[in-house]
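K.L.:
Below you will find the structure I want to go over with you.
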Amino acid sequence: MIGILAVQGGVREHELVLDELGVQHRQVRRVEHLNGLSGIILPGGESTTMSKLLELGGLLRPLIDALTSGLPAYGTCAGMILLASEVLDTRPDARCLGALDITVRRNAFGRQVDSFEADLDFHGIDSPVPAVFIRAPWVERVGDGVEVLATVPSGPASGAVVAVRSGRVLATSFHPECTGDARVHEMFLAMVSEAGYVHEV
Ligand code: GLN
């Protein structure tokens, strides 16, 4: 059972990908929805709003505890921001989950290219992955043990780090759930199978 954090943002797109892959899923809005999960997806949306709603709903601490206990997680865009240990260009009261030792910059691509598409070489996937960036963050620092899986290939943001993995946690600046290519989700599901974790609240 895969959870999809559903306090705000693009939940439906991830549900459709998991449906296509024949994977059971459940929306996570309250603490009890974490029970029995083998993995969780944090969707795109607006990270500061998600942070506020997580705090107000009492889900912030239980989610941090679940990630610390070993619940595998995949964050897209705002989900990547939430998983980070440090966030630049955010609100001073925004909280993050600290599951990935990375520094991300919100809305990093600037106005001219703030939304764009690119085909990315993605470590572990054998042909280029189409990527949709929507007011996306990029990764400015990766800590020890964090593997860079993809960078922007060309253009003004060439070289920017946009996909990372550390242990059971995967994050992309972009939205594979919007392209019809399920291979990044399949990579996450392989991590989930390998972890063999079931969360108990
Ligand atoms: N710019 C958004 C944020 O800072 C993220 C955008 C997205 O998830 N597509 O939260």
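Using the three backbone atoms N, Cα and C, a Cβ is placed for every residue, glycine included.
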K.L.:
Please identify which of Arg26, Arg29, Arg106, Arg111 is recorded by TrEMBL as part of the L-glutamine site containing Gly45, Glu46, Ser47, Ile134, Arg135.
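P.N.:
Looking through Arg26, Arg29, Arg106, Arg111, the residue TrEMBL assigns to the L-glutamine site is Arg106.
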K.L.:
Which residue, of the recorded positions Arg135, His175, has its CB surrounded by the fewest other CB atoms within 10 A?
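P.N.:
With the recorded positions Arg135, His175, fewest surrounding Cβ atoms within 10 Å: Arg135.
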K.L.:
Same chain only, sequence gap of 6 or more: which residues have a CB within under 8 Å of the CB of Glu46 (L-glutamine binding site)?
P.N.:
Gln8, Gly9, Ala78
K.L.:
Mind running the recorded positions Cys77, Arg135, Glu177 against ligand 1 and keeping the ones whose CB falls under 6 Å of it?
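P.N.:
List returned for ligand 1: Cys77, Arg135.
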K.L.:
Between His175 (active site, charge relay system) and Ile134 (L-glutamine binding site), how far is it from one CA atom to the other, in Å?
P.N.:
8
